[in-house]
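Participant: Would you mind keeping the following structure in view while I ask a few things?
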Amino acid sequence: MGTHPAAPSRVLSSGKLLSDHLAENPHLVGQQVIDRFGLQNGHLPFLFKVLSFDRALPVQIHPDKRLAERIHANEPERYVDPNHKPEMALALSQFHALCGILPAFQVTSYLSSVPEFSSVFPQGLKDRLAAAVKAQDVGGQKDAVKDLLSVLLKAGKAHVEQKVKALVDRYNRGQISHAEGKIKPLIMRLNEMYPGDSGVFCAFLLNHFDLKAGNAFSVAAGEPHAYISGDIIECMATSDNTITAAFSPEKEKDIENFLSGVLVHPTTGKTLIQPTMFTPGSTATSGTLLFNPPINELAVMQVIVAKSQTETHHALRGPSIAIVFEGKGTIVWADGSQRLNLTRGQVVFIGQGTTVKFSALEHPFHLYRAFVEFEVNTNHTTT
């Protein structure tokens, strides 16, 4: 849902590209948003998606702007735009993912307790990481973990397959150390999907998220991640650039650019987006939660309206797109110019400066609304 040329939205009544409609009616985006993000030809700064998967997506990063410009210039058919792609994921069901580098002390624990994983790396590198952890040398930890990633991703395919198989065989014999107890089911599951792949060992380097519906996290440009299974709302800066390193065919991998752009912070651990109550308007029933990631181009609201109730959203200082997740209801423009009946799966664009009222015909009337405003919102809440 958006204006990216890879899969552009169209206006249902006319069949016209949304980008063409917005180019003809720039007031719907707002000149301040256009100027702030350098938008052209009716494009929006965010891209809104619903994803559903039961097989792990590739271990990947999305480039920052500098890397995106370089790889787009070098390989425009592979990397189709010059924009960065920070994103957020909001779980609609149980959602499993790998995202971000594990704290370095946990990596050293796995290197000590998982011999099959440990044997991929030279002893000097493992010693260097252990020394950096002991000395609380953050820079040294960062460099060592990045070198671990490099060694793993560049290791011979047959060599890694042999080590992964040896680990899985040991688990099947019931030989599991205390440190491996929690991660063993994940290792087995990933290996069922991609037998012997280097991505299986990436689970010893990346945070594992096991989220319930309503939980959310953000993914910075350059942050390594792989979504494993579940259903999510995803919102990102408008880009289609993905640099893959594992869980993908060899011809699709780009290890050098992955390592060039990967963000390594082996001290932070997991970071979730904590929703806050949105203040939609004087007649609000407090049915709207705001998920505000540390990404300038986007934020997402979850709107749940009880039967026969109405939720009023004040005029936003930028454009938005809403999708009905569940139920039936209406959206009414406060000035009386438009009224739409909406049901599950339908999508509506709301121009900037527009106050709207959501009313439920069935309980619950459940929507997600992605938006951007021209002012930088620094009230990001994470934990």
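Glycine too: its Cβ is placed from the backbone N, Cα and C atoms.
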Participant: Starting from the Zn(2+) binding annotation in TrEMBL that includes GLN60, HIS62, GLU87, which of HIS178, HIS208, HIS225 is the extra site residue?
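Facilitator: Record source TrEMBL; matching candidate: HIS225.
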Participant: Using Cβ atoms only, which residues of the same chain lie under 8 Å from HIS225 (Zn(2+) binding site) while being at least 6 residues apart in sequence?
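Facilitator: Correct list: VAL59, GLN60, ILE61, ALA97, LEU98, CYS99, GLY100, LEU206, VAL219.
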Participant: Around the C-beta of GLU87 (Zn(2+) binding site), how many further C-beta atoms are within 10 angstroms, looking at every protein chain?
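Facilitator: The answer is 25 other Cβ atoms.
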